[in-house]
Amino acid sequence: MPFVVIITGIPGVGKSTITRLALQRTKAKFRLINFGDLMFEEAVKAGLVKHRDEMRKLPLKIQRELQMKAAKKITEMAKEHPILVDTHATIKTPHGYMLGLPYEVVKTLNPNFIVIIEATPSEILGRRLRDLKRDRDVETEEQIQRHQDLNRAAAIAYAMHSNALIKIIENHEDKGLEEAVNELVKILDLAVNEYA
């Protein structure tokens, strides 16, 4: 039975670090898929774009088609290996927040778990300010909290359409990273029995 875990978190929360460390420690052999990368690969194959930045400019209908292609590909991969899908629950746009996974995509992926990585707004803001390599939006602590609240609401909507369990993992500055990694490993290890 396919085992799919969706992992989300706003920029600066530590999602990539936690994911990398958890994948090194889990007993299950997960395949990590970045949903946006898979969509981009599909768009390049179809001759729609050459660069990642062009993705945002594609018509919404085309973007939805690319999302479905990516979801179907992930569903096929999940027949062989457990899959960890790195994606955004919500995406901040200049016009408002957009759901990262539309209804049809969630139904197709049918995740077992939706994991949200969170931290306090002040911790996230501090991490963003220290990470000068990344080009990130400047947000206030209030805006960061709103984005995290919207991610929780999106996760609930996704779970309603897939029967997934929601797991919120907190990644705090004071000894939080190790605890966060261990919590994710516990979830990932549940896949071992599915592929035995």
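For all residues, glycine too, the Cβ spot is worked out from N, Cα and C.
Annotation note: Pro11 (ATP binding site) sits in a coil segment as assigned by DSSP. Taken from Swiss-Prot, the feature ATP binding site applies to Gly9, Ile10, Pro11, Gly12, Val13, Gly14, Lys15, Ser16, Thr17, supported by sequence analysis.
Sequence-distant neighbours of Lys15 (ATP binding site) (same chain, six or more apart, CB under 8 Å from its CB) are Ile7, Thr8, Gly9, Asp86, Ile117, listed in sequence order.
For the ATP site, the Cβ centre of Gly9, Ile10, Pro11, Gly12, Val13, Gly14, Lys15, Ser16, Thr17 serves as reference, and the other residues of the chain with Cβ at most 8 Å from it are Ile18, Ile117, Ala119, Ile124, Arg127, Asn171. Listed binding-site residues: Gly9, Pro11. The one with the lowest count of other Cβ atoms within 10 Å of its Cβ is Pro11. DSSP assigns Thr17 (ATP binding site) to a helix. Sequence-distant contacts (6 or more apart, same chain, Cβ under 8 Å) of Thr17 (ATP binding site) comprise Leu177.
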